[in-house]
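Visitor: I have a structure here, written as structure tokens, and I will follow up with some questions on it.
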Amino acid sequence: MFLFVYGTLRKGETNHALLQGLDCIAEQAYTTGNLYDTGYGYPGYVEEGNEKVFGEIYFLPENLLPAVDRLEGYQPGRKDNLYERITKKIITDEKEIEAVVYVYNDTASLDKKVPFQDWKVYQWLKEKKAVAYFAYGSCMDTERIEAAGMEDAFQQWEAAEAENHRVDYTQHRADGARANLLEAGKEPAEGILYTVPSGAVEYLFRREGVKKGAYRPAFINVRTQNRSMAALTFIVLESKAPKAPPWHYAKEILRGAQRGLSREYQHKLLERMKELNTELYPEEL
């Protein structure tokens, strides 16, 4: 069976040890509803609502189900369960999966929504400290960063990759599409991993159009030549069919990729732009 987790059972969270070693099917899956902070150190998910609630999907052996039931305060047939166990459709970038989900019972006590419907992002926002930031699109390039007077905040960087991800252009705008990081495929997406101070985060939120609903903050696992870690990135909230990016934007991606990404990956980026009939002027790079 599959299990969708959206709170303390997620990677890096307080109860993840219960799922340690299990196959993670997707780290950026979602279902619809609303996510609340219960005030007790864990979230409560309710089905009412049409917003996306983000979490992870695991393959759960049946012999582990009773342990998860106990953690969630669920017992079959009991009337006063903390959570109820249901099965519902969960969506990933590649497919839909029927998975077990725990729904919070005491809905009357819930009044504090989790920002961005993502518990991991919410935990980080409470501290708002320096963070590793994975750029896979135009932020790999520094031209606009320097124009905004933010170059000092983006001095520390190295090449990195996100396994089982790919970049495509699925955020539509009037002049063409912008890049998105999809959890799909078997190859890694390459990018630039910055270490940025907390003061630079507001700049990133503005640039990525977070308040406008263009992109959402998320944490993904990335690796560099020497280490692996969770990193902040920005993912398109409402992904559409791939479409050609405009040259002024494509140029930033190709130029930024020259800073440390593999030649093979740079070629892959260029070929995808050609497939989408992007107008290219490589002499400007």
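Here the Cβ of each residue, glycine as well, is placed from N, Cα and C on the backbone.
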Visitor: Would you identify which residue of Y6, Y249, Y265 TrEMBL lists as part of the substrate site it also attributes to Y133, F134, A135, Y136, G137, S138?
Guide: Y249
Visitor: Would you mind splitting the domain 'Gamma-glutamylcyclotransferase AIG2-like' (3-120) into helix, strand and coil residue counts from DSSP?
Guide: 22 helix, 53 strand, 43 coil
Visitor: Please work out the number of neighbouring Cβ atoms within 10 Å of the Cβ of F134 (substrate binding site), leaving out its own Cβ.
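Guide: Around F134 (substrate binding site), other Cβ atoms within 10 Å: 28.
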Visitor: If you pair up every Cα among Y133, F134, A135, Y136, G137, S138, Y249, the residues annotated as binding substrate, what's the maximum separation in angstrom, rounded to an integer?
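Guide: So the binding residues stretch over 20 Å, Cα to Cα.
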